[in-house]
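Here's the structure we're looking at; comments come further down.
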């Protein structure tokens, strides 16, 4: 690298530092003083279910007063308690109301009633990366790199706030109208200084240290990034099998095979991200995220332009207007039932 290029890189890294320091101030204000009860169920018209989970659903809703569309996550308090997800749910809301980044879905309102917790988020009509990836088969390397760069920046932001995301997968990445990513579902995200021990995540994306019940840190997110880049570029994940136990055996073995069409730069980056040895895994070394940002596979990436959303997206989802749901699957609809008595008031008092 020439002197001029090195100087440019140095000043970019300095301005990133300044940006993150300011971002942390903003985050901490909201983290310490979380917004509560900023809307009410009656203010929204419920339109259609966009997804379902073990303790709730996500619905497209329309704000009656403004006509704006949102995605409303509805969680059944009693089910959350039964599934021992109280802590995770409180984490999700507390984190979402405090963060602010171009590739993180925005929490617009949150509230609760006798039966449910509600998180009202920006509606991202392009649907999940998962469905586009399965339809197209696999993404070209430039296409995969465009998305990967946004995740790198997002993790750099989250990690600087001591947040581990822990649930990276194509199902949790929505594609917006401009073709950029919106990361959703902070159900497993956690603020951790140092190490944590909870087993959570999706089998194919779990880092070896989580499987081996070791204390782990934010390096698990960089491992998951390696899995995601592999899956985007190959069309299937690097470790798969019928049973989770077989997947886990493959993950901890430290052996990865690459499709012949992967470029040598891509294989090199993935070997450094899918690195079982934490003392060698990119993102976890003394240069931190810069080992990833300065890797040859990202040589053509203009990080600032990606952050500013100035790079032309490789793919724009088709959609026919603000309330269009054609990029989401259909689900059976269900009434939202609200009890006349308060359920689990104590457990969710801080929500």
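Positions of Cβ are set from backbone N, Cα and C atoms, glycine also.
Since this is a predicted model, take the numbers as computed values, not measurements.
Pulled from Swiss-Prot:
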LIPID     2  N-myristoyl glycine
MOD_RES   3  deamidated asparagine
MOD_RES   11  phosphoserine
DOMAIN    44-298  domain 'Protein kinase'
MOD_RES   49  phosphothreonine
BINDING   50-58, 73, 122-128, 169-172  ATP binding site
MOD_RES   140  phosphoserine
ACT_SITE  167  active site, proton acceptor
MOD_RES   196  phosphothreonine
MOD_RES   198  phosphothreonine
DOMAIN    299-351  domain 'AGC-kinase C-terminal'
MOD_RES   331  phosphotyrosine
MOD_RES   339  phosphoserine
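Nearest to residue 124 (ATP binding site) in space, judged by Cα atoms and limited to the recorded positions 49, 140, 167, 196, is 49. In this structure the C-alpha atoms belonging to residue 198 (phosphothreonine) and residue 73 (ATP binding site) are separated by 24 Å. According to DSSP, residue 170 (ATP binding site) is assigned to a helical segment.
Taking Cα separation as the measure, the residue listed as 'active site, proton acceptor' is nearest to 73 of the recorded positions 11, 49, 50, 73, 331. Of all the modified residues in the list 140, 196, 331, 339, the shortest Cα-Cα distance to residue 170 (ATP binding site) is found for 140. The recorded positions 11, 127, 140, 196, 339 include none with a CA atom within 10 A of the CA of residue 49 (phosphothreonine). Spacing of residue 11 (phosphoserine) relative to residue 50 (ATP binding site) is 44 Å (Cα to Cα, whole number). In the three-state DSSP classification, residue 11 (phosphoserine) falls within a helix.
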